[in-house]
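A.B. asks: Before I ask anything, here is the structure I am working with.
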């Protein structure tokens, strides 16, 4: 269409239609094309593709008209519908201000033989002269207030800055798409329900994804049919369309194409190889739209940040198959202050304030998609845990049977760049994927519909989310192609097709990431190639730094533009950004100085801590250990401190989760064999960094080394100079000992070191000592680490009989033993312990974000521990100190499990297999009696170990509620419970309610593969019995009068009994207090894959001193307040 400039209007004309845009008030008018003759001196400026809308960047400034200046054809969807991408826009001020250089395509009708369009604006020199004259006249007539002049200049500066950001948003990201004949906002399934709807396209669109709805509002309000021609619905997101050929004889075109662009298929003349069309369409919601650190979580209307619906289309002949997934921020009120690199998330509102908005979000989702399968990928420990816990709690409170909650700790399962382990997730939920189906449409109509949707999220809903969504969509696509006969049943996707498919999803992730975070997606190399390379790790580090910079100031302008586009009031003081921008350079320099000071402090403190008194400190450096075998998937690299003394060098591993060093290694200089310096080992691309490899011998054996690189001060540096200085220092120091070490410059080989030995763990600050452990690699990089953290509940009950002397109502008691710590939880009527963090790499007590404990106040007393222990207790305590954790492997499923810790009162249920449905009763046998040496005073009571109260809960939600009501309403129970334990010998009444409920969908036990019924773990005599799983009939036949009253109702027929092998020692009841309100029991198939089944095991342990009537009243209140928990919970 042609664009004309007149004195009072800009006129868009195509055929017999014309749209007049006022340059005085910004009004839009539909007029016939013949009215162009009435315009004052119209001049054709060029051709445009369409109208996006208009925007006002400030209330005191004029409107701007946004036009599509240039488009690019993306491809054609089934039905020959063209999809175009907006590549360039033109912005016109609807004021008397003359337009700038628009660079429009010239109209051949009005500009034949002319290279540039004619202008009615004067020359630049004349413009400046007239502007200066006008300014002088204005200043002479009315001397304006200097303050007003300053404000006017600030407004103009702000407008220019926002206008610049608007142009970048449309022209740099290439994330806006439209089609004149196809509804990109609606999926195939939603379109199929309204095929007979005769309304125009813009009236049938999904309001959530109609990105320019507010900007085009002046046209939609006109209401006449003539306006339909001018309204073009635009989506923000991603669209890519590719045609693939199923040919197993072709090889990959890796050498002929770059990872960013898929290989071009040559024309297939052989009809034997079937073709199919693949289209990927991602639509970003316009509600709560914005940038990463500006928009998080949910708003008051239930809209979440970064909400994207992604549809994968497969078209074969006349069959169109569609599968959709969504992503969106965790729907609770949370935020991250983006002025710190990798800031910690925080909850902004309480649980009660969040419930209504959480319900509003999922009620809308269920209304649209019927069912929701939530796949939560946030870390289940560390700084992300607070968000994951809040999410799970809201899901349980929402309590809807149409929801399924799947928890998959992505970083835990994919440590060490093993992103192919995502298959563990897809295999575990394979049945859910198949049951969800997909939409299938042909010429006759709808064949089947997709029943439900996957809602995948991580913290940002970018990197991890894209990898998982691509994996799920791949499973669906293979099922679809096999269903249509395009792929053989037992064959995978051809290499060439697979590569193109991976590239499409990687491009999708990059596009969404640019829109939300400002940079390309991390982990994109895995999505693109299926492999995680060291170059991708380093690239991720650069992108993380870029995201941090962008979030500081540039995002503020981008967020303001997005809000203005959507008609949302701009809440941030944009004028203050000017000052912040000026301060940015100084702040950046200051932060660099602060960083150097922090490193100096760290080096000084750990030099004093690690170096013996007889060694002299020669130097220290902060480096990065880039050995691929040590690379942590959660943080992409491992920061280390390299300390050098006159006799040894120390490699101290820094944990940024707790801002401290938790493990280190001391290596004598005499064992240093050689030093290699060269480009980083990469498989593709040009190396960006130089690395230093320190080879050393351990116990006269070689093959050990550390691969380190320096942190460059600028992007242009590779850190080689720093590494050479370090190498020379090492060489000079060793020469002072009368030895020498060669320094070799060469390209480093891509290989991994042998597992480092003699790793020393630094214990908690409270203990102030060092413990040596040899499980550093396992604790820091294996998936066992978090499982061990979550199943730690070791308690020496023998030490608790004198705890009744305490009078403080809320406190936490820490017994400062070398490897045992007892916590009295304020909000949890339980006593638990946490293992010594020295070996397993746990966080320091008192961590700022409360990853391990949410309690703030603690009471430490070594004297109390000494005075309260008997000689027998001390002997048992000494035996506990001498035994460390042992880990085992279940051979039937290949899952690493942690052996029960000595003195534990409970064991994780995650290693117990449950596969029967018949309800049964589990009883504690004779092995549950208290061991010799601990029977006084507990065993003096004849029924102390056998009298239990059977609670008839059959609903998981009742159990869940029981726990939280006790926590909320009975904070004093902790004290009363402890006192009652101390007075057991006089009162003689010890009653414990244990309730657990299980919902399982596994197969009968006879159909599951055999696996060991008991973990036969060798241990010392003082060790407790281990949990065992036995058939139902065996337990019923073993019940005795003394144990028959100790019951545990399990819907799935789980029967857990203590082993009798260690009956001579103190036996720990398997039904002891489980602090977690949600424990997952998984059914393991022959392939070793986890099919999650939810088991809600909540503690319902009332104080013996508490009146039973009070407890019954609370239980009745819970049953009236909550119904059965119908949400399926799966933890993988």
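Along the chain as shown, residues are numbered 1 onward.
Glycine residues also receive a Cβ, built from the backbone N, Cα and C atoms like all the rest.
Remember, it's a predicted structure, so these values are computed and weren't measured experimentally.
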A.B. asks: With Swiss-Prot open, pick whichever of 714, 936, 941 is annotated phosphoserine.
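C.D. replies: Among 714, 936, 941, the one Swiss-Prot marks as phosphoserine is 714.
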A.B. asks: Candidates are 576, 911, 928; I want to know which one Swiss-Prot annotates as phosphoserine.
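C.D. replies: Residue annotated phosphoserine in Swiss-Prot: 911.
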A.B. asks: Which of the listed positions, 827, 920, 1028, does Swiss-Prot note as phosphoserine?
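C.D. replies: According to Swiss-Prot, the phosphoserine annotation belongs to 827.
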A.B. asks: With Swiss-Prot as the source, which of 732-775, 776-819, 908-951 is set down as region 'Disordered'?
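C.D. replies: Matching range for region 'Disordered': 908-951.
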